[in-house]
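Everything below concerns the one structure shown next.
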C-alpha cells in the first residue's frame, strides 16, 4: 500500500501464479515506485524472484482482481472520483387509455376497369385517431367465395389503387380497410362485384341544357325527352323515381346504344317529381336527375267581398284559391261590369295583393265585380264574383243630419288605400294618393321625413271624398324621402307612408 515497504516475495502457489501472470496496468505501477520512501530498503527475498511475465496484449481488457489480488492493489488516491451510485428504480408507468381504431373509408368507387385489372378510389375516413393513419389495406374475394386476400402486404397512404394480375371474366368483390396503431377500421365494401373486362369508354350522361332546370309541362301535354350518353361496351340504363322503379303503365322508356327516350303520352300532376337516370358499366356509373313539374290553371279566388263604397271608389277583398294548379300564383285580374252595358272590363292586371281599391266610377251606375287567379298557365277557368253590387250615388248638396244619426257614424280614421312607393324624374310633377275614412271627418296632415309640410307653394294637398292627394311640383333631388299622410279626429289617428325617389333626367 502507499507509504509502506512491500513484503518479501514468496513462492507463489499455482493459482496465485496464474493471477500474477496478468500484470496490472502501467498507470497503476508508477505510483507504487513513487510512493515507496527511499530510506527504507526492501529486505532480500528468501527465494529466487519470480520470472517476469510478458505484458498482456493491449486489446484484452484488464482482469478484475480477486480478493487476494485486491490486498496487493494500491488504494485509490484521495482526488480520484467516487464510483457511480446505483441508478434509482424506474417509476411505474401509467397505462394510457386505449385509442379507438379509425372510422371506415368513404366513397369507395371503381374508376377504371381493363381486361386484367381495375382501379379503385376512395376518400379518407372522418376519424383517424391521434396517432394518424398507417395506411390502407385492399382485400379481394372472388364471387361465390368467402376467402378474402390482401392485395398489398404493407399499408399505403394513397386513396387510389390499381389491382393488377386479374383474370378476364372473373367477378371480384373488393373492400378497403384503414389501419393505424390502434387497430383496423370497419371495411368499406363495394355493393356489387366488379366484372373484369375492358371498358373502352367510361359511362357519361350528356344532359341537355334545358333539362338541367325544372322541366314544366301542362296537364294533358305529352312529355317526350331524349337524353344522350356515351360508354363502351354498351352500358346498362335504369330509371327510378324516389328510389322505386317507374310505373310502366304510364311511362315508356326506350334505350339505344347512344341515348334513352323518356315518354309520357298525357301528363298528369301526379307525374311531377324527380326522376333519376343511371348509366352503368361494370361498377363504373354516372347519374343525372330530371325534375318534371306538371301544371294546370289555378282555381278561382275565395271569399270575394265588397268591403266599402265611398264617392267614386270601391274597396274589394278576397283570399287565395284553394288549388294553385301546382304552380305559384303570379297575381289576380280584377274586372268590373256596368249594369247598363253588361260588359266586363279589366281594371287591374296581375294584382299581387288580395285586396284593391277601384276608383273613377261613374255616378248613378251600378257595378258588379269579379276576380281571376293567374299562374304560369294563365287565368283560372272561372272567376270569383262579388255577391253585392256597388251603386255610385250622386253627391247631395244638402246635409241632413237627422237621417244619419251621429252615434252610428262615429269612427276613428282608417286608411282603406295606403300610399305606394314612387319613383319620379327630376323636374316632372308627381302625385301621391291614399284613401281614408272616419267620422267626424279626420284632419289630414302631410309630413316629409317626419317634418310637417306647412304652407309651401311646392306642395298642394287635397282631400276629396276620403281620397287624399299630395302634388309635388317639379321635384328636385332634395325632395326625395319618406312621405307620411296622417289622419286625426277625436276618436284617434292613423297614418301611412311611402318612399319617393327622384332620379336625374335621362
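Here the Cβ of each residue, glycine as well, is placed from N, Cα and C on the backbone.
Listed in TrEMBL for this protein:
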COMPBIAS  1-16  compositional bias 'Low complexity'
COMPBIAS  25-41  compositional bias 'Basic and acidic residues'
COMPBIAS  46-64  compositional bias 'Pro residues'
COMPBIAS  65-80  compositional bias 'Low complexity'
COMPBIAS  81-91  compositional bias 'Pro residues'
COMPBIAS  92-101  compositional bias 'Basic and acidic residues'
DOMAIN    104-199  domain 'Fibronectin type-III'
DOMAIN    203-291  domain 'Ig-like'
DOMAIN    300-395  domain 'Fibronectin type-III'
DOMAIN    413-497  domain 'Ig-like'
REGION    1-104  region 'Disordered'
Selected stretch (most C-beta pairs under 8 A with the domain 'Fibronectin type-III' (300-395)) from 104-199, 203-291, 413-497:
413-497
Over the span of the domain 'Fibronectin type-III' (300-395), count residues by DSSP class, listing helix, strand and coil in order.
0 helix, 52 strand, 44 coil
In the domain 'Ig-like' (413-497), how many residues does DSSP put in helix, strand and coil?
3 helix, 54 strand, 28 coil
Could you give me the DSSP helix, strand and coil counts for the domain 'Ig-like' (203-291)?
6 helix, 53 strand, 30 coil
Quick one: DSSP breakdown of the domain 'Fibronectin type-III' (104-199) into helix, strand and coil?
0 helix, 47 strand, 49 coil
